[in-house]
Amino acid sequence: MEKMSRVTTALGGSVLTGRTMHCHLDAPANAISVCRDAAQVVVAGRSIFKIYAIEEEQFVEKLNLRVGRKPSLNLSCADVVWHQMDENLLATAATNGVVVTWNLGRPSRNKQDQLFTEHKRTVNKVCFHPTEAHVLLSGSQDGFMKCFDLRRKDSVSTFSGQSESVRDVQFSIRDYFTFASTFENGNVQLWDIRRPDRCERMFTAHNGPVFCCDWHPEDRGWLATGGRDKMVKVWDMTTHRAKEMHCVQTIASVARVKWRPECRHHLATCSMMVDHNIYVWDVRRPFVPAAMFEEHRDVTTGIAWRHPHDPSFLLSGSKDSSLCQHLFRDASQPVERANPEGLCYGLFGDLAFAAKESLVAAESGRKPYTGDRRHPIFFKRKLDPAEPFAGLASSALSVFETEPGGGGMRWFVDTAERYALAGRPLAELCDHNAKVARELGRNQVAQTWTMLRIIYCSPGLVPTANLNHSVGKGGSCGLPLMNSFNLKDMAPGLGSETRLDRSKGDARSDTVLLDSSATLITNEDNEETEGSDVPADYLLGDVEGEEDELYLLDPEHAHPEDPECVLPQEAFPLRHEIVDTPPGPEHLQDKADSPHVSGSEADVASLAPVDSSFSLLSVSHALYDSRLPPDFFGVLVRDMLHFYAEQGDVQMAVSVLIVLGERVRKDIDEQTQEHWYTSYIDLLQRFRLWNVSNEVVKLSTSRAVSCLNQASTTLHVNCSHCKRPMSSRGWVCDRCHRCASMCAVCHHVVKGLFVWCQGCSHGGHLQHIMKWLEGSSHCPAGCGHLCEYS
């Protein structure tokens, strides 16, 4: 539903009139740009390149620049810009690396003017000089920026950022020779177009790629940047070092940022993924947007204010194949729906609570704050309802500190430092982490690690030490669970299909259910008895312990060297009366070498005590390997990880993700994993656990997280002869013209891993130095020092 409010703005000799409206495009848009008279807008994408007139009630298509029968990659646009001095001049950045200029004044249908094919990869951004009509700047995925003079066929200068791909370039509005560029590795560089050999300034602005930047139209040194770290930062470039003035935290990666005209502290942003809305922020209030536009149903790819002196109209293009004009007055204001109370936990468990002064005063009986009344009320300026600060407000802040010794976050630090996340078999990792959690008093976490070991490890990998059973009253003995029981001196007189009879309704809790007079029934009528119907030999169930397992009675596999444990006879309570009295022990001993008796040969068999020393059990091997596959528990493990994350224990969620790896990764979406990883890494860095943080990044199963160590890293190299910084060229000093980092063996520049002696400071390629020191202990540089490689 289109909103019908209308705004008329007088700008010099022209008048802008319009309302909130949109039109459907033939294809998704990648970028938009507005003509200098604010009457037309150009929309460019992979399959669209059109100019629309902005009329009072609607958009009207004026010109389709995709002409010709054959489709060309030169028309597949990643960016478009309309010259602000010449209304007939446009430039596009093609996905095949070509920069194309267009002259709308040409009489033919084809308006294409010039093609520049010097870039080797996709061109991400093109930008005209704000005051020089013939200067065009481009930034490409190949890491180079090129400055073109439209009166020539080739570029006049090339700028190399010595970095990864260039994401955005913008000429400064106030400084004639200055432009800013943003890079994939999180750096921002400032260049002078007269000096293409080196940048004037470089600093790390974001943790990850910097997708966009924009110079402030009024303040000379203000530069806004947005990146994948979901932040918008405002930098003061007038100081010796770039100073961060404001930081706005958004909910998704920032794809575009544009300062709002005539509003010094307002800027508009849109996201690269997930979030489809457009936000207008007041950088002085970075937590709640001043305005929000919700018209698009897919990712917004381009935004532009309609006129450089009109803050009321914002144009946008989207992947939902729509072009919209937003009226600022029609925007929703999230501050009206925001919770007026704030709650936050500190690093060490302190709790801060902020609420409106009026609410706190009502509870405590104090008089609420009424604002500054030094000036009469009739001098008060009437505020615009569109402004985010509509009135005076005051909040009360309460801080609740944790009691000394009453908890804290020491467990978090100890757990992070002691957890084992890699380098061992899965069973050992789970056991180690369970032990750590148990020693720290976190029994639920310890039990979770134990269950993960049981689910994902085969029975043979489970240590027997943790699965011993306490039997009898007089003491305890170790009976490894994953083995079968062998009754000492027991004759093999029971059939292979004999099953243990469990009486229905028998309430058994903490007793060992191997009765000296327990009856084994082989009747076919025993199908309704409780227990397992697995076709095995003799089943023995309900042994007291941590798990309820079934075991095989196999006298042929008895091992005399197995550890045995004497079980007192009173440990086996009588279950029921003996159905039939079997022959005595002597009879069983006489037939110890006879074959097993089948079910047809003996209808009823029983186990009778031989003497007081008969209750000897030993363990040899598992009953059967019929286990539920680990994938069966995937949903359960996923819910468990979500439970810990929702409880605030993101440490447990990330640790399990790393330890289980691909076993559980497929059950949790990539965005959730990335959120858990970044939250845990942020906590580790707050506690200054840098080594653990680095290990988590290296072991991460999320691609977006594992590349964090490869970004925002700057290595400063000085010449080893004259000590001059070598920032412009990689390996040659500008002053003494000598190469740095020469290998003492091959006398070539080392451009990779460099190893040197701490005694004499000579070194070279790692493999060369290792091979040299295998045959000689003296330095290869000839200094006479005895070097050693360790």
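Glycine residues also receive a Cβ, built from the backbone N, Cα and C atoms like all the rest.
Just one of His748, His762, His765 is listed by Swiss-Prot for the same Zn(2+) 4 site as Cys779, Cys783, and that one is His762. Looking at 5-27, 189-211, 212-234, 718-740, the range tied to zinc finger in Swiss-Prot is 718-740.
Check Swiss-Prot against the ranges 41-90, 241-290, 741-790 and you find zinc finger recorded for 741-790. Per Swiss-Prot, the annotated phosphoserine among residues Ser157, Ser163, Ser316, Ser496 corresponds to Ser496. In Swiss-Prot, the entry for phosphoserine among Ser312, Ser322, Ser470, Ser626 corresponds to Ser470. Classification of Cys733 (Zn(2+) 1 binding site) by DSSP places it in coil, neither helical nor stranded.
With a threshold of 8 Å between CB atoms, the same-chain residues lying at least 6 positions outside the repeat 'WD 5' (249-291) that come near it are 211-219, 224-232, 234, 297-305, 307-311, 314, 316, 318, 320, 326, 328, 331-335, 338, 386-389, 671. Note: the CA-CA distance between Cys733 (Zn(2+) 1 binding site) and Cys787 (Zn(2+) 3 binding site) rounds to 28 Å. Surrounding the centroid of the Cβ atoms of Cys757, Cys760, His785, Cys787, where the record places Zn(2+) 3, the chain contributes additional residues within 8 Å, namely Gln758, Gly759, Ser761, His762, Cys779, Ala781, Cys783, Leu786.
The binding-site residues considered are Cys733, Cys736, Cys787; of these, Cys736 has the fewest other C-beta atoms within 10 angstroms of its C-beta. In three-state terms derived from DSSP, His768 (Zn(2+) 2 binding site) belongs to a helical segment. Taking each of the binding-site residues His765, His768, His785 in turn and counting other Cβ atoms within 10 Å of its Cβ gives the largest count for His765. Considering only the recorded positions Ser155, Cys743, Cys757, Cys760, His785, the residue whose Cα is spatially closest to the Cα of Cys719 (Zn(2+) 1 binding site) is Cys743.
Residue environment of Cys719 (Zn(2+) 1 binding site) contains 20 other Cβ atoms, counted within 10 Å of its Cβ in all protein chains.
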